[in-house]
2 protein chains.
Amino acid sequence: MLQLFSEHILSKLSFLKNARLVVAISGGIDSVVLAHLCKKLGFDFALAHCNFSLRGDESDADEEFVIKLGEDINVEVFTQRFNTEAYAKEHKRSTQMAARELRYDWFKDLAAQLDFDYVLTAHHADDNLETFLINFTRGTGLNGLTGIPMINDNIVRPLLPFSRETIENYAKESDIKWRDDSSNSSRKYLRNKLRHEVVPILKEINPQLLDSFESTLDNLNDTADIVEESLNAVAKRAIVDINENGITYKVSEFKKVNNPKAYLFEMFKEFGFTEWNDIVNLLDAETGKYVKSNSYRLIKYREFLLLTEFPKGNYATKQIKESTVISYGLFGSLSFKEVKQIGEANNSVLFADKEKLKYPLEIRPWKAGDYFHPFGMTGKKRVSKYLKDEKLTPIEKENTWVLLSDEKIVWIVGRRGDDRFKVTDKTENILQIKLDK
Amino acid sequence: MLQLFSEHILSKLSFLKNARLVVAISGGIDSVVLAHLCKKLGFDFALAHCNFSLRGDESDADEEFVIKLGEDINVEVFTQRFNTEAYAKEHKRSTQMAARELRYDWFKDLAAQLDFDYVLTAHHADDNLETFLINFTRGTGLNGLTGIPMINDNIVRPLLPFSRETIENYAKESDIKWRDDSSNSSRKYLRNKLRHEVVPILKEINPQLLDSFESTLDNLNDTADIVEESLNAVAKRAIVDINENGITYKVSEFKKVNNPKAYLFEMFKEFGFTEWNDIVNLLDAETGKYVKSNSYRLIKYREFLLLTEFPKGNYATKQIKESTVISYGLFGSLSFKEVKQIGEANNSVLFADKEKLKYPLEIRPWKAGDYFHPFGMTGKKRVSKYLKDEKLTPIEKENTWVLLSDEKIVWIVGRRGDDRFKVTDKTENILQIKLDK
C-alpha cells in the first residue's frame, strides 16, 4: 500500500510534499495508518486528537494512545478535550453533529494559529460508499450522492481512493497497532449495518464495486458542475437587487426554463423551504402571496420574488432611555440630539417637542391596530392604511418601525412624523431624531 | 389497493380512462394484478402476451394461462411467439436485451396497427429500486439513477408508485391467480440477490425506503432536466453545421464552460466514446488529431470539432458495369449518359471519352498512393497532395471518392477530372457522368 499511496500522492496531491500538515487522528485504524504513511513519506506533519469525552476512560485511553504514538514516531501531538454533550445541548445539535462541528472548528483554529497548510483526515473509499448509501436510504438529491470530496478548502483526504481492506491489510502487514472504537451510537449502528450486511453483498455482485463507485462519483460530480454553472447563470439573470432587506428575483427568468421547480428548488433549498409546489405557484400568484420557511420568506411582489429573512417584523419592543444613539432591528440606528431650531424637512429626520415626550420612549415594528396622527393633518389614520397608500412593498412594510411615547406613535421611522409631537411656537426644547442610513 | 390505484390514476393518469389500452402481460403476479385492476376500473383494454420460447413448456403454459385469463375477464388477448435466441444471435444481443427489443417493437406495432393509445406495463416501485441498485453496482451516472419513467412515449407504468408487497397483498386478498417465473437468468440472479438480500436491510434501516426513494428520484429527475436544458443551450451555441458528413462544433464554446469534460461527456456519450480525457485534450490539439469510438470519430479541425461516422472511408471498391445510375457509400450516386456534346464545366459533371474507358469501371474512396493526371495539366499528381492543396477538411477528405478505369483514376468525384480520359477532337462517344447531390 505504501507504494500505491505514494503514487497517488505524487499524481494527485503532490502539493502535500512541501506543506505543513496536521493529521486528524482518533486512534482508530484509518487515522493511525494515515499517520504512519505520512511518516514513511517524510511529510512535515503533526497529530491532532480530539477527546470528545463521550466514552469516559476509553476516550482518555485513546488520547494517551495518540500521545504515545506521537512519541514513538517522533511527531508533535496536539490534543483538545471537549464537553461534547454540553455543546450539543446548548447548540441543539445531535451528539454526532456537535462532535463534527467541534472537531472541524478546532482543526481550523489549529491550522490558522500554528500556520499549518492542510488538515488531513483518514476517510477512505468504504466510508464514502457508506455515506452514499446512508444518504440514499434517507432520501436525497444529487448533492447527497456526490461523495466526500478529496480536497475541500484546507481539508484533504488522502486515503479516499483506498478500501478499508487495503488499509487493514497494510496495518496488519506493517504490525501497526491501533485502538478500536467500541461506541455504538445510532449513526454507527446504521453504518455498521450497511458495512456488514449490505456492502458485502454489493461487492459479491460486483467485486470491482469501489472502482465502479469511484467512476459513478466522478460522473455525478461532473453533472453537479453542469448544474451549478446553470444555476449561477439563471441566478445572474434573475437577481435584480441584493440589499440588507433581501434578494429580489425576476419571475420571468424562472418562467423561461423548462422545469421551474428544479431551479427554484436548487436556488432556495439552502433557505430551509419545504413547500416546493407552493413556491412554483408563487410565480403566478398575486402580489403579497408568500411561502415561508423557519427563517425566510419568499414573497410575490408584482413581477418579482422577494427573498427576505423571516420574521424580521417580530422584534421585541426596545426601550429608549434618554440616550444619544440607539440601534434596533438588524440594521436600524437612531441618534438623538437637542437642537436650537428645526432644520430642513427630510424623511430621515424628525424634529419633536421634547417636553411632549415621555421617557422611556419605545421602538418596535409597526403592528396591525396601530394608528397615528399624520403630521400636518388633524385626524388620525391607521398605519396599515398609510403604508398601503404609500404603496410600500411587502418587504418595506415588514421593515417599517414606529417610535412611541407612552404608547403613542411619535414617528413612523423614516417616513412620517406624528402631529401630536410636532414642534410649535410653544416648544422650548427641540429634539432632533435622525435615522442613520 | 384498488382505491389507492384508482386515486393514483385519477390524479396522475386520468388520460387512461378514455383511451384504448394494451396491457403487456407475462402471466406473473404484477401484470396479472394490473389486468385485474384495469378490469375493475372499467378500462377499455386488451392483453398482449409475448412468448419468448425461452423456457419450453413453461413458456407455452404461460401463454395458455394468459389466454384463459382473457376469457375469464372477457378481454381480448393478443399473443406473439418469438425465437428470442435466434434474434439475439443474429443481432448480437444478450437474451435479455433481445427479449426487450422484441417486446417493445411488437407492442409498438400492435398499438399502431390496432389503434391503441397506450401500452401499459406492470413495473412497480421495487422494480425501480432494484434497477437503480443494479445500475449503481455496475457504475453509472445521473441517467442510470433517475429510475424508470411513469410515462415514456406511449408506454405507461401505472403501478410504479406501488410496492411489491402492496401488489402481493392485493393479489392474495382478491384471490387472484398468477404464474411464477422459474427462470434464473443472470439478470434475474442479480435482481433476486438485491431483492432478497440487500433491499430488506435497507427497508429495515428505513421502513419508508420506497417513499424516500420516490422523492430521491423526483429530485434527480429535476436535476436531469436542468442538465438537459443546459446541454441543449451549449449545443445550440456550439453547433455551427449539421450535414450528411457529420456535425461541426465550435471549440470555443466548450472552453467557456467551467468543466468542459462534463459537457463533452454528456454531449458525445451516445456515440460510444470512452476516452474522455483524450477528448478534452482535443480542444487544444492540432488540426487532424482525433479520438474514435467503434462507430464515430471526433476530429479537431482548426477551431472546430467534427463528429463524423467512422470509418466512412473504408467502403469496399464497387464495380460499375455499363449502368445508368449507381450509388456508392452512404449518400453518393452517379448517373451515366451518352451525350452529343460537352456541356458547361462544373464540379458535379464529368465528360469523358467513352472509348478510353475500360469496363467495368470501379468506384472507391481514395487511398494513400493514389495519383492522377489533373485535367488541363501534363504531369501527374498524388491525390493526397491535391486534397491538401485544395484545403479540404478531414471530413471532406474522408468522403472523397475516385472513379477508376483499369485502375487509373478517371475522376476525383465531384472535384477534378483526369486529363487522360478527357474529350478531344478525336472523341466519338461522349459519356456524361454526373454526381447527384
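A Cβ is built for glycine as well, from the same backbone N, Cα and C atoms used for every other residue.
Database features, via TrEMBL:
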BINDING   A:S26, A:G27, A:G28, A:I29, A:D30, A:S31  ATP binding site
COILED    A:210-237  coiled coil
DOMAIN    A:361-433  domain 'Lysidine-tRNA(Ile) synthetase C-terminal'
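Structure coloured by features recorded in TrEMBL.
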| residue | record | contacts (Cβ under 8 Å, 6+ apart) |
| --- | --- | --- |
| A:S26 | ATP binding site | A:H49, A:C50, A:D62, A:R179, A:D181 |
| A:G27 | ATP binding site | A:H49, A:D62, A:E63, A:F65, A:V66, A:L69, A:W178, A:R179 |
| A:G28 | ATP binding site | A:A122, A:W178, A:R179, A:D180, A:D181 |
| A:I29 | ATP binding site | A:I167, A:E168, A:A171, A:I176, A:W178, A:D180 |
| A:D30 | ATP binding site | A:A122, A:H123, A:H124, A:D127, A:L159, A:R164, A:I167 |
| A:S31 | ATP binding site | A:V23, A:A24, A:I25, A:T121, A:A122 |
Sequence-remote partners of the coiled coil (A:210-237) [C-beta within less than 8 Å, at least six residues beyond its ends]: 125-126, 128-129, 132, 142-143, 145-147, 161, 163, 203, 250, 253-254, 257, 263, 266-267
Near-site residues: ATP, ref A:S26, A:G27, A:G28, A:I29, A:D30, A:S31, CB cutoff 8 A to centroid: A:I25, A:V32, A:V33, A:A122, A:W178, A:R179, A:D181
Per DSSP, three-state class assigned to A:D30 (ATP binding site): helix
